[in-house]
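Annotated features in Swiss-Prot:
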{"type": "DISULFID", "residues": "Cys96-Cys188", "note": "disulfide bond"}
{"type": "CARBOHYD", "residues": "Asn5", "note": "N-linked glycosylation site"}
{"type": "TOPO_DOM", "residues": "1-25", "note": "topological domain 'Extracellular'"}
{"type": "TOPO_DOM", "residues": "47-54", "note": "topological domain 'Cytoplasmic'"}
{"type": "TOPO_DOM", "residues": "76-98", "note": "topological domain 'Extracellular'"}
{"type": "TOPO_DOM", "residues": "120-138", "note": "topological domain 'Cytoplasmic'"}
{"type": "TOPO_DOM", "residues": "160-196", "note": "topological domain 'Extracellular'"}
{"type": "TOPO_DOM", "residues": "217-236", "note": "topological domain 'Cytoplasmic'"}
{"type": "TOPO_DOM", "residues": "258-270", "note": "topological domain 'Extracellular'"}
{"type": "TOPO_DOM", "residues": "292-309", "note": "topological domain 'Cytoplasmic'"}
{"type": "TRANSMEM", "residues": "26-46", "note": "transmembrane segment"}
{"type": "TRANSMEM", "residues": "55-75", "note": "transmembrane segment"}
{"type": "TRANSMEM", "residues": "99-119", "note": "transmembrane segment"}
{"type": "TRANSMEM", "residues": "139-159", "note": "transmembrane segment"}
{"type": "TRANSMEM", "residues": "197-216", "note": "transmembrane segment"}
{"type": "TRANSMEM", "residues": "237-257", "note": "transmembrane segment"}
{"type": "TRANSMEM", "residues": "271-291", "note": "transmembrane segment"}
Amino acid sequence: MTLRNSSSVTEFILVGLSEQPELQLPLFLLFLGIYVFTVVGNLGLITLIGINPSLHTPMYFFLFNLSFIDLCYSCVFTPKMLNDFVSESIISYVGCMTQLFFFCFFVNSECYVLVSMAYDRYVAICNPLLYMVTMSPRVCFLLMFGSYVVGFAGAMAHTGSMLRLTFCDSNVIDHYLCDVLPLLQLSCTSTHVSELVFFIVVGVITMLSSISIVISYALILSNILCIPSAEGRSKAFSTWGSHIIAVALFFGSGTFTYLTTSFPGSMNHGRFASVFYTNVVPMLNPSIYSLRNKDDKLALGKTLKRVLF
């Protein structure tokens, strides 16, 4: 079955963040600034890790992938979002499904990249003598490969459940991107199976990743509290603290968004709440990790010296 046959709608209209004309330019400038910071921050961190052999460690391998994912999923919808502020907000059916797939792929993958990073911190703090043996290149590769496989499977499930729906009455998406819940509201056929797929996939991915991270955190915290010296505890907390902040921002804002949009008539609130985890979190992650890390600052200093001198 072709995409055209699966739906009588050939294009969608994205409502965007606001329908007030006087807000379009300020919002365009605001999100352009956020997008520039996101691209520069994540691309800069990717480059810094790539060209500095001293940063070729398991922790920075995971951080490299986190920055890559943040950069990619921000690029999936932000350019279209910026264009919609200054022109007609139309996206084709194929374009909408493509955007949905890649958005779900990168968001789902990030959940398990954060799990891998939590496991990495657990091994580093709780079993430091076995760290390089446990976190071998093969293990790191398998953890990342598994993260992307989970992301791909989740994206296929979400997109496949949308492709089976028929959109015939309305083509106005009450959002600034093609997401599952706003699309479900437009279907003129039964959405029972698609809703079931959505809640199973989101529930499994969120619950498994959250439980894994919480267990890692509990073990890390119990180990840190057993460190006799205040200096040792402070160092352990500093390496662990940035990851806590990133995880709390990502899972907290994402969970709040989907809980908000699950209630009838609350899509408008969810639209604004989703800005935080789709736009703000990818912008903040490079700062959260690099500004608190001495290795990053040292590597940046060496890189700037090589470039300038």
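Glycine is treated like the rest: Cβ placed from N, Cα and C.
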Other parts of the chain folded back onto the transmembrane segment (237-257), taken as Cβ under 8 Å at six or more residues beyond its ends: 66, 107, 110-111, 114, 117-118, 121, 124-125, 206, 209-210, 213, 217, 220, 224, 270, 273-274, 276-277, 280-281, 284-285, 288-289, 292-293
Neighbour tally for Cys96 (disulfide bond), based on other Cβ positions within 10 Å of its Cβ: 23
Tertiary neighbours of Cys188 (disulfide bond) (same chain, Cβ under 8 Å, six or more apart): Thr166, Phe167, Cys168, Asp169
Contact yes or no, the transmembrane segment (271-291) and the transmembrane segment (26-46), 3+ Cβ pairs under 8 Å, gap 6+: yes
Chain residues in Cβ proximity to the topological domain 'Extracellular' (76-98) (below 8 Å; excluding those fewer than six residues from its ends, i.e. six or more beyond): 3-4, 7, 9-16, 24-25, 27-28, 31-32, 34-35, 38, 106, 159, 162-163, 167, 173, 176-178, 183, 278-279
Tally of DSSP helical, extended and coil residues in the topological domain 'Cytoplasmic' (120-138): 16 helix, 0 strand, 3 coil
Secondary structure content, the topological domain 'Cytoplasmic' (47-54) (per DSSP, counts of residues): 7 helix, 0 strand, 1 coil
Per-residue pLDDT averaged over the topological domain 'Cytoplasmic' (217-236), given as an integer: 77
Intrachain residues whose Cβ lies under 8 Å of the topological domain 'Cytoplasmic' (120-138), provided they are six or more past its termini: 58-59, 62, 216, 219-220, 223-224, 236, 239-240, 243
